[in-house]
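Student: Got a structure for you, questions after.
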């Protein structure tokens, strides 16, 4: 709570600045890298693991206000760039590069983003939780990005820096409601470019502040601000984020995508139900008739009962993948469930990432258990290799990729580069907690007996008959990923937007729904294809069931490539490498996740159908 009397509660409002980012570059930078006015005694609030991993770097700024005290055109500092000094030239060039790539400020007051609200088409208001450093009019005279807002921004090959902001803070007064003080419920600003004639006594009036494209004479930039306070008792403190979220019109598209996915699910469920009830029921009744003579000549899934549980080739790798996939599946489920309950909203910065990492570390036990139990079922002997691979293979790939990306960020001097201490902390979590937990899980997995199979496996493998095009492994796997991907791709657009276009993602209810739909679709598509393959007397279903739904990840990668070329305006080799480096981590995790769902659905189905037929 804030109030005007210093003895009763806080009167000083401190504005914090976050890193600057851009849609045209994947590299975020700290506020201090650009030569803006600095706070004399700079402090950083403590950051959680998620904020550090996402490259959030929050620090205090020289913008400090007294509650209810309006300021008009207050000067912060003046920056002078002398044309003969190399250091000044580099500083100014970096600032221009920031304007050219449309880097955005992100300011925070009382844990709320300071937004820039402007009208878009259909007289709707859009509130952007950031605002640009400045903008550029190209050598051809084309106004880029924010330069379109003012007709005075018209000089060719010129940068216009936003060196003045009008800040408006809206508060909710608690006097009429029985609590003291006031709470901030909205913070908006309007950036302006103003060239003050007298830098010592700015008037905040005059032509825009031009920074010529050619650095031919000294440049002086004076930074100023105005602040005003407005009382509004209609906005409650609990719903103060609403005005930002309302301006992002996604919800109707979301409902459309959910309906679209549900239609796919109903269609698949109908197919699966029909197979289960009609075909299987008829088959089982026929096979269980007393007269076994006729049944012997039958072809179909019953014929391969002696081979269907023959252990797969490369059973070690399959069991390791399934252990990792189980760990990812449980982590995703719990994270999304907590996000649905509102624990991981955008107001808790970095909470989502922190929650995911901690859960992943603590879920080593189920990974070890599932991997060991399945490996034992496949008749594996090398249990030490199995445990080590489960604990180290996939996390090792992710960590190596992550480490390489971090090196690039570090070389580029970006704020997203993770400090060495944090990398050591992540390794300590992995080797100190996750690996021992995986060993414990594996110990219990190997202690348990192998999973009982409903039918005995023959000594000699059957010949697999010639397969038609659709029952060959590759076409089946390629088809299997289409339906699950169809369910998620609209949601995927919003998730990629929130990662790369820096939009807020808050619709976890929708995401949880889509997660459940994805689960059902992967299971049903895999069961259907598994049934068709068994009917064609092809009994190699172990790996195929994993790859059928895991192939959704390949479509995810193709979509990410399409998104990169069609939606993002990313320039520069470093940004491109980073985009694809991080995308490949996402694709790998998604592959393990969907593959595991498909495998266990198929495993259940095969066990179920072979346990109800009578076999001589």
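The backbone N, Cα and C atoms fix where each Cβ goes, glycine too.
Annotations for this protein, taken from TrEMBL, read as follows:
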TRANSMEM  255-277  transmembrane segment
TRANSMEM  320-344  transmembrane segment
TRANSMEM  350-375  transmembrane segment
TRANSMEM  387-411  transmembrane segment
TRANSMEM  423-446  transmembrane segment
TRANSMEM  477-500  transmembrane segment
TRANSMEM  506-534  transmembrane segment
TRANSMEM  546-565  transmembrane segment
TRANSMEM  577-606  transmembrane segment
Student: Can you see whether the transmembrane segment (320-344) and the transmembrane segment (477-500) are touching - at least 3 CB pairs under 8 angstroms, only pairs 6 or more apart in sequence?
Tutor: no
Student: Sequence-remote contacts (6 or more beyond its ends) of the transmembrane segment (350-375), Cβ cut-off under 8 Å?
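Tutor: Distal contacts: 47-54, 56, 315-316, 318-320, 322-324, 326-328, 330-331, 334-335, 338-339, 343-344, 383, 386-387, 390-391, 426, 429-430, 433-446, 448, 450-451.
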Student: So if I exclude everything within five residues of the ends of the transmembrane segment (423-446), which remaining residues of that chain have a CB under 8 angstroms from its CBs? That is, six or more out.
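Tutor: Residues 49, 323, 357, 360-373, 375-376, 383, 386-387, 390-392, 395, 399, 403, 406 contact the transmembrane segment (423-446) from elsewhere in the chain.
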Student: Using a Cβ distance cut-off of under 8 Å, indicate which of 255-277, 387-411, 477-500, 506-534, 577-606 has the most pairs with the transmembrane segment (546-565).
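Tutor: The stretch with the most close Cβ contacts to the transmembrane segment (546-565) is 577-606.
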Student: Residues of the same chain, at least six outside the transmembrane segment (577-606), with any C-beta under 8 angstroms of its C-beta?
Tutor: 26-27, 308-309, 321-322, 324-326, 328-329, 332, 394, 397-398, 401-402, 404-405, 408-409, 480-481, 484, 500, 518-519, 522-527, 530-531, 534, 541-542, 545-550, 552-554, 556-557, 560, 564, 568, 570
Student: Using a Cβ cut-off under 8 Å, which residues of the same chain at least 6 positions beyond either end of the transmembrane segment (255-277) come close to it?
Tutor: 483, 486-488, 490-491, 510, 513-514, 517, 520-521, 524-525, 527-528, 531
